[in-house]
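J.: Got a structure for you, written out below as structure tokens; questions coming shortly.
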């Protein structure tokens, strides 16, 4: 009865909320959000530098998140490179001196705070000069120093960081006359600061709050009320300058949350001072170094030649899409299946496809690529950095697994690793990887090591699936190869052109493509051994095992010959495909990390198909895979193996050391046995996970730009100020886009890859010319 009610309820929901309706809702949300953010940028503050300097919040201990953009954590080498041949002056009181020390420690962490309290402090590092000038009050002495810089009689700094107020409050006991004099003195230097701002960067540091409870008697008059009055005076006076002196307010906001940790109530704890220093460094250097994880103070990058050509093609496609109209969209496609929400497969031959179909598909793909560009290249949407907490990873993990169990259904097949089960496997792994990426869980080594197993499991499935196909069907035709390569690479090739990223940037697709080529070569080259050939002959089975052993030795040889490996892949045109930032090292690292996973998948497929052929497995519904004794034994060993691996991974302290062990330690086989030995487990699958499994490749690639941001370094912000709602909305749009791209890829594959040899060879020749042209243009770029 409960099952009937569940099925009726599911049918009722799908009648009103089909996949098509979900996509229409997602498209409407994209349009509204784009208009909202574009209008906010146009009519409001569109400068991310203003956001960086003015506001933010703590994500966790000492992790500062500016409003709407990402803060890059500068290393010493980066800071030195950015500030080479620059003169920087910190002007003010003891609080500015603290900021000065935090700033120069980013250039040289070994610096000690040993300068005299009320004197100037010089700092020279190579050809960079950073000086602290002691001016505790805004007075004539300060005005004279600023005048020297404007008149050119003293070397003018490239950057001036200035601020003072607490001494004025202290010396005049917080009297109102002192505030009036402070305003007058600020007015007197406002024009001078304006002139300096014409050729230098000038920052006025707003006063941080104090912790009144622990202030000494001599500082009791420095209250937060007084601090606020002096800050208001500074803003109202200096805001009138045409060049608009920049206000550093972010450190003040950070101090509001941490001032209670102050020892004397006046000076900030070092971690809070570091926030102000890092904000300043981002403001000065992001536009120079353009770090991908530092989106503050960066404008949209200029279009490359390839991007301009891609934009022209996509624009023509969009025009065709609009002209054809939505009414003619896939007339031959039947209505969606109410039960599953998926469109039913049309039985018509490929040759009967409506010629408008490919144009409509390309038009939709063009609009989707426009959304990708707006999300992660144009200066429209906000971005925030990741911050790992255990709850951010494990709570969503528990939630999706509860959903997965809730949507358990009887599988149509009960064979080991049947299609529904492999889709389920890919689905839950992909969801875990998505949560892993958005939560920044790579910072937690035990989670990182478990996710490494999931990536290896994808490659294991690659070996298992393609070996099984070639072994059973013996189809080594060009059509099959082109179909696989097109489905794997179509989205990535388009993204490389639109997002101006190298092929290796989307590392998983090059990895899977490479291993598919290896599997194909292993199975297709002489001696070509197939199941029908090996039937009844142990010799051919042994020959295939020797072939796999040869592949294993080949892999081992390259794994221990890094120079040879890098030498081969550094030759053009392979270098253009596998290099990242001019180096082949990333490809070497990715390849080496899971080098045995594909061979393990091939070997497992061979052994399984052999056992199946000789009827040594019980794959009936509800039956254990082996006899009860063997099944229980294998289950026990598998569970112990799983637990042992988890304990080992939890004890990992160093990523590089654990990565060295990773290729030799695998629990993939243990998982397969646990999932398949019990008959009841093999008879069920999660339709929830299986649905995501069918679009797992698209989900993995699309996350780079429309769910995460800054090429996976940050998080896309569609709904500012509400992280939970933002994740819900961006995830909904992201999944709908991935599903649509999957359908577009499948549709275009039928048209782009004809079965006839003649047309197929012509298109391959065209694809080759296109590839050479793209590689040549990218080299010139």
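A Cβ is built for glycine as well, from the same backbone N, Cα and C atoms used for every other residue.
What you see is a predicted model, and the numbers here were worked out from it, not measured in a lab.
Sharing the record's features from Swiss-Prot:
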ACT_SITE  94  active site, acyl-ester intermediate
ACT_SITE  264  active site
ACT_SITE  267  active site
CARBOHYD  139  N-linked glycosylation site
CARBOHYD  185  N-linked glycosylation site
CARBOHYD  239  N-linked glycosylation site
CARBOHYD  654  N-linked glycosylation site
REGION    330-350  region 'Disordered'
TOPO_DOM  1-15  topological domain 'Cytoplasmic'
TOPO_DOM  37-308  topological domain 'Lumenal'
TOPO_DOM  330-354  topological domain 'Cytoplasmic'
TOPO_DOM  376-386  topological domain 'Lumenal'
TOPO_DOM  408-430  topological domain 'Cytoplasmic'
TOPO_DOM  474-477  topological domain 'Cytoplasmic'
TOPO_DOM  499-504  topological domain 'Lumenal'
TOPO_DOM  559-595  topological domain 'Lumenal'
TOPO_DOM  651-660  topological domain 'Lumenal'
TOPO_DOM  709-714  topological domain 'Lumenal'
TOPO_DOM  736-756  topological domain 'Cytoplasmic'
TOPO_DOM  778-781  topological domain 'Lumenal'
TRANSMEM  16-36  transmembrane segment
TRANSMEM  309-329  transmembrane segment
TRANSMEM  355-375  transmembrane segment
TRANSMEM  387-407  transmembrane segment
TRANSMEM  453-473  transmembrane segment
TRANSMEM  478-498  transmembrane segment
TRANSMEM  505-525  transmembrane segment
TRANSMEM  596-616  transmembrane segment
TRANSMEM  661-681  transmembrane segment
TRANSMEM  688-708  transmembrane segment
TRANSMEM  715-735  transmembrane segment
TRANSMEM  757-777  transmembrane segment
J.: So what pLDDT does the topological domain 'Cytoplasmic' (474-477) average out to?
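T.: Taking every residue of the topological domain 'Cytoplasmic' (474-477) together, the mean pLDDT is 94.
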J.: What is the nearest of the recorded positions 94, 239, 654 to residue 139 (N-linked glycosylation site), using the Cα of each?
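T.: So, of the listed recorded positions, the one sitting closest to residue 139 (N-linked glycosylation site) is 94.
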J.: Of these glycosylation sites, 139, 185, 239, 654, which scores lowest on Cβ atoms within 10 Å?
T.: 654
J.: Within 10 Å of the Cβ of residue 267 (active site), how many other Cβ atoms can you find? Include all protein chains, please.
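T.: Taking every protein chain into account, the count is 18.
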J.: Could you check which of the active-site residues 94, 264, 267 is the closest Cα neighbour of residue 185 (N-linked glycosylation site)?
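T.: So, spelling it out, the nearest of the active-site residues is 94.
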J.: About how far apart, in whole Å, are the alpha carbons (Cα) of residue 267 (active site) and residue 239 (N-linked glycosylation site)?
T.: 26
J.: I need the nearest neighbour of residue 239 (N-linked glycosylation site) among the recorded positions 94, 264, 654, using C-alpha distances.
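T.: Smallest Cα separation from residue 239 (N-linked glycosylation site) among 94, 264, 654: 94.
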J.: Below 8 Å Cβ to Cβ and six or more residues apart, same chain only. Which residues does that give for residue 264 (active site)?
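T.: Long-range Cβ contacts: 214, 215, 216, 219.
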J.: So are the transmembrane segment (453-473) and the transmembrane segment (387-407) touching or not, going by 3+ C-beta pairs under 8 A with a sequence gap of 6 or more?
T.: no
J.: Please work out whether the transmembrane segment (757-777) lies in contact with the transmembrane segment (478-498), by counting C-beta pairs under 8 angstroms that are 6 or more apart in sequence and asking whether there are at least 3.
T.: yes
J.: Please determine whether the transmembrane segment (478-498) and the transmembrane segment (505-525) are in contact (criterion: at least three Cβ-Cβ distances under 8 Å, sequence separation 6 or more).
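T.: Output yes: the transmembrane segment (478-498) sits against the transmembrane segment (505-525).
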J.: By Cβ distance under 8 Å, which residues at least 6 away from the ends of the topological domain 'Cytoplasmic' (408-430) in the same chain are close to it?
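T.: Residues 400-401, 454, 457-458, 461, 464-465, 608, 617, 619-623, 625, 672, 675-676, 679, 682-694, 696, 699-700 contact the topological domain 'Cytoplasmic' (408-430) from elsewhere in the chain.
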J.: Which chain-mates of residue 94 (active site, acyl-ester intermediate) that are at least 6 residues away have a CB under 8 A from its CB, listed by sequence?
T.: 117, 136, 266, 267
J.: I want to verify one value. Collapsing DSSP to three states, which class is residue 239 (N-linked glycosylation site)?
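T.: Its secondary structure by DSSP: coil.
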J.: How about long-range neighbours of the topological domain 'Lumenal' (559-595): same chain, 6 or more residues beyond its ends, C-beta under 8 Å?
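T.: Non-local partners: 452, 455-456, 459, 502-505, 507, 510-511, 514, 659, 662-663, 771-772, 775, 778-779.
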